[in-house]
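Trainee: Please read through the structure below; I'll follow up with questions.
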There are 2 protein chains.
Amino acid sequence: MSEHKLNDSLDTLKKSGVRITPQRHAILEYLISTESHPTADDIYKALESNFPNMSVATVYNNLRVFRNAGLIKELNYGDASSRFDFVTHDHYHIICEKCGTIVDFHYPGLEEVEHLATHVTGFEVGSHRLEVYGTCPACIDNAAKVN
Amino acid sequence: MSEHKLNDSLDTLKKSGVRITPQRHAILEYLISTESHPTADDIYKALESNFPNMSVATVYNNLRVFRNAGLIKELNYGDASSRFDFVTHDHYHIICEKCGTIVDFHYPGLEEVEHLATHVTGFEVGSHRLEVYGTCPACIDNAAKVN
DNA sequence: TAAACTGATGATAATGATTATAAAGTAATA
DNA sequence: TATTACTTTATAATCATTATCATCAGTTTA
């Protein structure tokens, strides 16, 4: 799956003069293949078996490289650590406040909001971020069972 | 200004059995009076002269108390520390990527998005969060002067 | 090919925000 | 007044992230 996403990404990196090391390859591959939105530590642990000597710093460094290249997004929710999300087409996130699950969903875009914001504040708008919070189906079920 | 916001907040706290200490009073007052979106440390520093013995932990503890009481919101942007915002009427934030300035703006609400998200994901939706990123007028000016 | 250069990695220390802990203070209540 | 519950303060602990620096690997150049 998504073999071409990986190749596209590797091309992008090469073009900006970034070397493709085995670690970088593995981190990118993991980010593309996973459905989840892993923390740096998740990634570190997931690759531990293949790269027993890899340093946490390497994970952080390369996440920054990928972010600067526009390949991934860094997500900051209330909890302690950042999560990382491979950038595909535009999508938003809905987050379960009970268990932390993050699910993607699509929405036609909110250019209106950007326009209004520009108009009202005089800012030059670059991007926006939207998240919806609630309770996921699994947690709703669990709550029902308990009562 | 906003004397009644403060009194409302104090009432809310009293009703939920929270004691009004001088520190709590001062922190709340500061949050209501300031236009900015201060970090815990900003608050700590701002009240230093009046409360030379106040501990940072007190600031954090009370911010949590206020947040649990629904009086303030905790905002997490990319940078290191959380910012706190007194909850008034619903508004969104636009954030300058150059200097970090945060400005409020109003928008009719995005219930549509919540409905769609519910429909698509099966989540029970509670709230959402939207931020717009860009460059503030001052930074635009500065950039123009340099070139 | 060998030397030199550049960037990447890995180990570890440092930083900085937030939280935990425990002792002492303060208000509320019986 | 004695007891209880809640707060504050001071400080230590935690934990994510970043900085440092020696080492390593790939690439370029002589």
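Every residue, even glycine, has its Cβ placed from backbone N, Cα and C.
Quick paste of what TrEMBL says about this protein:
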type: BINDING; residues: B:Cys96, B:Cys99, B:Cys136, B:Cys139; note: Zn(2+) binding site
type: BINDING; residues: B:Glu111, B:His128; note: Fe cation binding site
Trainee: In which DSSP state, out of helix, strand and coil, do we find B:His128 (Fe cation binding site)?
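Mentor: It is in a strand.
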Trainee: Any idea what the Cα distance is from B:His128 (Fe cation binding site) over to B:Cys139 (Zn(2+) binding site), rounded to a whole Å?
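Mentor: Rounded to the nearest whole number, the Cα-Cα distance is 29 Å.
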Trainee: Given the binding-site residues B:Cys96, B:Cys99, B:Glu111, B:His128, B:Cys136, which pass a C-beta cutoff of under 8 Å against chain A? Sequence order please.
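Mentor: The binding-site residues close to chain A are B:Cys96, B:His128, B:Cys136.
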Trainee: Once the DSSP letters are reduced so that anything not helix or strand counts as coil, what is B:Cys96 (Zn(2+) binding site)?
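Mentor: Once the DSSP labels are grouped into three classes, B:Cys96 (Zn(2+) binding site) ends up as strand.
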Trainee: Here are the binding-site residues: B:Cys96, B:Cys99, B:Cys136, B:Cys139. Which has the lowest count of other Cβ atoms within 10 Å?
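Mentor: So among B:Cys96, B:Cys99, B:Cys136, B:Cys139, the binding-site residues given, the one with the fewest Cβ atoms within 10 Å is B:Cys99.
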Trainee: Can you tell me the CA-to-CA distance separating B:Cys136 (Zn(2+) binding site) and B:Glu111 (Fe cation binding site), as a whole number of Å?
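Mentor: That separation, Cα to Cα, works out to 28 Å.
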Trainee: Around the C-beta of B:His128 (Fe cation binding site), how many further C-beta atoms are within 10 angstroms, looking at every protein chain?
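Mentor: Here the count is 20.
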Trainee: Going by DSSP, is B:Cys139 (Zn(2+) binding site) part of a helix, a strand, or coil?
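Mentor: Note: B:Cys139 (Zn(2+) binding site) is helical by DSSP.
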Trainee: Using DSSP and collapsing to three states, where does B:Glu111 (Fe cation binding site) fall: helix, strand or coil?
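Mentor: SS state of B:Glu111 (Fe cation binding site) = helix.
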Trainee: Nearest to B:Glu111 (Fe cation binding site) in three-dimensional space, by Cα, is which of the binding-site residues B:Cys96, B:Cys99, B:Cys139?
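Mentor: Out of the listed candidates, the nearest Cα belongs to B:Cys96.
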